[in-house]
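Student: Okay, these came from Swiss-Prot:
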- 26-46: transmembrane segment (TRANSMEM)
- 54-74: transmembrane segment (TRANSMEM)
- 97-117: transmembrane segment (TRANSMEM)
- 139-159: transmembrane segment (TRANSMEM)
- 170-190: transmembrane segment (TRANSMEM)
- 194-214: transmembrane segment (TRANSMEM)
- 245-265: transmembrane segment (TRANSMEM)
- 282-302: transmembrane segment (TRANSMEM)
- 318-338: transmembrane segment (TRANSMEM)
- 355-375: transmembrane segment (TRANSMEM)
- 397-417: transmembrane segment (TRANSMEM)
- 418-438: transmembrane segment (TRANSMEM)
Amino acid sequence: MKDEQLYYFEKSPVFKAMMHFSLPMMIGTLLSVIYGILNIYFIGFLEDSHMISAISLTLPVFAILMGLGNLFGVGAGTYISRLLGAKDYSKSKFVSSFSIYGGIALGLIVILVTLPFSDQIAAILGARGETLALTSNYLKVMFLSAPFVILFFILEQFARAIGAPMISMIGMLASVGLNIILDPILIFGFDLNVVGAALGTAISNVAAALFFIVYFMKNSDVVSVNIKLAKPNKEMLSEIFKIGIPAFLMSILMGFTGLVLNLFLAHYGNFAIASYGISFRLVQFPELIIMGLCEGVVPLIAYNFMANKGRMKDVIKAVIMSIGVIFVVCMIAVFTIGHHMVGLFTTDQDIVEMATFILKVTMTSLLLNGIGFLFTGMLQATGQGRGATIMAILQGAIIIPVLFIMNALFGLTGVIWSLLIAESLCALAAMLIVYLLRDRLTVDTSELIEG
């Protein structure tokens, strides 16, 4: 490893180390939200709510592709960071090679089992009438790009795992920048509508994945793309999948939750789906910034779990304080100019009113949601596979009954409030799990929460 990477892992001031690892991730996730918003923003100029709904309905599929990337990216990435903390550099080459080609194989399987059934999958997602064909066309492009989307998530995690967060950010910047350029060209110039939006995202992911491959081939002595090293053994599989499977389940259940939510919203009409799609993109700004903060420090936590547990504790305290500051700023913004923010995407006043309401409700859960992100990251970083698995299952198990109960009692308003209730319960569950495992983490969780 390079001396600079070791410096941030071991010696730099905690806040400086946190920002070194997290800031590129925060910027990258923020930019990814921007091009997600731009898809809807550009499509919004066509003044067709069916197209906005089509893009919104595909969110669960993207969550599943992200989950497949996390299966190897998070699982192998945290393992690589622990190996580096233990100074076992050679083993990381075998871990990375197996994960890269495993991810590509998964992507090819996705194409084979989904592409012939894109119409049926669109219907399952809740697409009806005019929205059905639009959603199906968007999905076809997503499925064809699956190997590169999965590979992008894996390689981006590896860049952070080895202490090169700036490379991670550059890769994401390249992807976002290219997508911003391609969207208007493909949507308007070639008159491809939602297919143009999907193609812009797909091409951008291909370019970013190729960037990471070239970087690792030329610059890394701990991550290998040599297929000859893709030889797993029992220990490697155990270490990768005990964290990778919970990360995968978390994304899959997030996608399943999105599917169930879409079905509930579809019952209340196209305006409900479009309203949620707009508010979801706006909530993603602070949510993914916080997620970037929490995911960014996972390699730092994983490394110091092996090398310096006192430093690990200081990192966690700094992250909690940062989450609190972000929460306060975002709440002020949403409750003062939220209506104007939503108005950027549509002139339909019914959608503006509903999306603003959803935005305020979901933003309220940001603080506990952020704590949940952090504690889930701690479980992943420290190799607590059982705790991470329980947390992943709970995230899916909690939201479904809450949705059914709130919908039965309060209708559409209940569906919206169920998001806040479920997020809060998940965060409390994460805090409880970390507290119960505190001896293994050697972190006094109650002290962190109080201090």
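Numbers here mean position along the shown chain, with the first residue as 1.
Cβ atoms are placed via backbone N, Cα and C, with glycine included.
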Student: May I ask which of the stretches 170-190, 245-265, 282-302, 355-375, 397-417 has the most CB pairs under 8 A with the transmembrane segment (139-159)?
Tutor: 170-190
Student: So, taking each listed stretch (54-74, 97-117, 282-302, 355-375) in turn and counting its Cβ pairs to the transmembrane segment (397-417) that are under 8 angstroms, which one gives the highest count?
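Tutor: Checked against 54-74, 97-117, 282-302, 355-375; highest Cβ contact count belongs to 355-375.
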Student: The transmembrane segment (355-375) and the transmembrane segment (54-74): do they have three or more Cβ pairs under 8 Å, with pairs 6 or more apart in sequence?
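Tutor: They are not in contact.
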Student: Same chain only, please: residues at least 6 beyond the ends of the transmembrane segment (194-214) with a C-beta under 8 Å from a C-beta of the stretch. Say none if there are none.
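Tutor: That would be 35, 39, 42-43, 51, 54-55, 134, 137-138, 140-142, 144-145, 148-149, 151-152, 155-156, 158-159, 167, 170-172, 174-176, 178-179, 182-183, 185-188, 225.
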Student: Using a Cβ-Cβ cut-off of under 8 Å, list the residues of the same chain that are 6+ residues beyond the ends of the transmembrane segment (282-302) and lie near it.
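Tutor: Result: 8-9, 17-18, 21-30, 32-33, 36-37, 74, 77-78, 81-82, 85, 160-163, 165, 312, 315-316, 319, 322-323, 326-327, 330, 341-342, 355, 359, 362-363, 366, 369-370, 373-374, 376-378, 380-383.
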Student: State the non-local partners of the transmembrane segment (355-375) in its own chain: residues 6+ outside its ends, Cβ under 8 Å from one of its Cβ atoms.
Tutor: 274-276, 278-280, 282-283, 286-287, 290-291, 293-295, 316, 319-320, 323-324, 326-327, 330-331, 334-335, 338-339, 341-342, 345-346, 391, 416-417, 419-420, 423-424, 426-431, 433-434
